[in-house]
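Notes to accompany the following structure.
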Amino acid sequence: PPPPTTGIGGYAIANGDYRVVLNPMDLAGNVCNIHYEGSEDMSDFPVLYYTNMYSIGVCVSECPAVEAGIDAGGASIGVSGFYPGETEGLTAITVADYSEETGFDLCDVTAEAGVTNPCDWRKAMVEVAAETDGYMVRGGSAGLGYGFPVLDTYRFMNRCILTSNAAIQLEASFNAAMQTSDEDSGFLEKLQSDLYTAQGWILGFGFVVAMFVSFFYTFFLRLPGVLFIMIWGCIAAVFGMFFGIGGYGIYTHGLWTATESSCTDGTSTDQATCEADGSQATWVTVCVNEECNDGHTATEADTLLYISYAFMGVAAIWFVLICFLRARIQLALEIVKQAAKAIRAMPMMIVFPLMQCIAFVIFMVVWMLYAVHVASLGKADVTGVCNDGISFTETICNTAGNVWIPYQTFTYGVTEDGVDLEQAGWYLLFCYFWTSQFIIAIGQIVIAMCVAKWYFARDKSTIGNLTVTSSIKDSMYYHTGTAAFGSLLIAIIKMIRAAIAYAQKKAKESGSKTAQAVLCALQCYMWCMEKCMKFLNKNAYIQTAIFGKNFCMAAKAAFFLILRNIARIGACTLVSEFVIIIGKVFICVITGGLCYFAIGSGDVDLNSPLGPVFFVMILSYFTAAMFMNIFAMGISTILQCFVADEEMFDASSRFAESELASFIDANGAPPKAEKEDNTL
């Protein structure tokens, strides 16, 4: 073939029979896989192996493959050929003959004892600035060392491309060779290497094992006495914490202020006798403990005492509140057990949030495309400049005999018609709020409907994963309007909060303290309204799932249900929060512990298992949060199903299982509410 006419960026472009052949060029200017007049014959060396970080390399017969990423024996490839290092049985890679090339100081491939110029790639990388060193290409830039390590590569476009594992191992080896003093960098490199090596363990334990631990947690809650000890232990621990802090503060205040008085004559026992007329003695008050001499003033001691009283007061309020809610807490314990049974009966509910995530990702892809398109819109204007640097219009410039140089400017945010695109940005923000809240609302309705169908089933054995699929179908077909309306209200509130945040930014730029204070108060008010509306929406969706009501009717029913059962809902919320917090901690700790022992007993080459275990615990936390959010929704649904059950049905026809039914009988069911149209 004819010689290449151009060599650009490592590509050789040949124009033989009107074909364009792209082949890599080595560091001596030869083209791999080609033999043309005036160059070395590289037809037997089709691929390029890079010998430094700057896309410079040598032509070789094939790309090396190293399972570990990098050859630990120090094998290298360069203009001197293939150097096996200390590795036995390593497959040799044939390198083109560069012995006749000029400008190279070839290293000694034998590396015998006493040889001062072996092919040591580590030294080539470290001493990149030593131009007289034999590890450099003479006449080339510093860093063109040819003793490069044998790495794990794959062939792409006639080039040996590093695998991700090889890149990580190369970087770690380079840092070790440099003997960097930056310990943080070494730590990060080791962590990165460990995370790559243990990526399968991290994903497996972070998601799969954490999911099984979550199911085990629901089974754990059903064991006799476990939930009772766990919840009442937490309640007692909270009381003990407040009471203990208050008591310790009062004790410390006593240490800070404890004093004793005495007379300097050593005999008088009271101040009057000590300071009698003619007496030279003095009545002296001194500290009993060293604490009062540590610089604590009387004001600090009084402040500590008041704070201690406050903690004691909170402990007393907590104790009274728990005494008042004790029966409701017992009910909440039974409801938690029922929610655990429902989730175990329909394990597919755990998968539904993943479907929500997929839907949200699809929406975000489309939303981002529109957002980027809107952000790139603008108005193009043609203007110019005169070459004399003085004339500011084209007419004046041309009249003076100068040259007017036109150019185009582009103004973002305004269309050719002068329309402000900020309105489009607000519209996109509203679309984001509404759609994201709609996806959440659909998920809440589906979970509530699954649990409601389980509760109101006479034969619980008929409930399973098919119940989940039917609930998804029913929710999508019948209740998308309810979800859309409820999410619209949240989206409107979020838009108001966004507008207030924008006004806060402008007020801060203006420096008006009054405006900032007013807007801050409004932002706080709207935040509270958003939280209340989300709470009401969740309960409205549960009413929709149970009775099939539209949003307005469901919200009204949920509001009055909360009023009628405020103590029960408060107790159930308290218990569920304890259960959820303990569940997240339990799942994270158990999953992390299992991963630690599994990695320790497995054949995994890691610097330390702590990094992968830490990331496993992070992933397991998100898995636990997804699971526990479903659990919380199940608890709220069971509570409303229980209330509807005791208000609508006699003892002989209730759907409650034995535990809940016995609670109703023991505590007495309230009078039946007016049924309206509450037909199941």
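Quick reminder: no glycine exception, Cβ is built from N, Cα and C everywhere.
The feature transmembrane segment is assigned by TrEMBL to 200-220, 227-251, 306-327, 348-370, 426-456, 477-500, 540-563, 575-599, 611-632.
The transmembrane segment (426-456) makes contact with the transmembrane segment (540-563), as judged by at least three Cβ pairs under 8 Å among residues 6 or more apart in sequence. With a cut-off of 8 Å between Cβ atoms, the residues of this chain six or more beyond the transmembrane segment (611-632) that come close are 190-191, 194-195, 198, 201-203, 205-207, 209-211, 213-214, 218, 339-340, 343, 349-350, 352-353, 447, 576, 579-580, 583-584, 587-589, 591-592, 595-596, 599. Counting Cβ pairs under 8 Å to the transmembrane segment (306-327), the stretch among 200-220, 227-251, 348-370, 540-563, 575-599 with the most such contacts is 227-251.
The transmembrane segment (227-251) shares more Cβ pairs under 8 Å with 575-599 than with any other stretch in the list 200-220, 348-370, 540-563, 575-599. No contact links the transmembrane segment (575-599) to the transmembrane segment (348-370), because fewer than 3 Cβ pairs that are 6 or more residues apart lie under 8 A.
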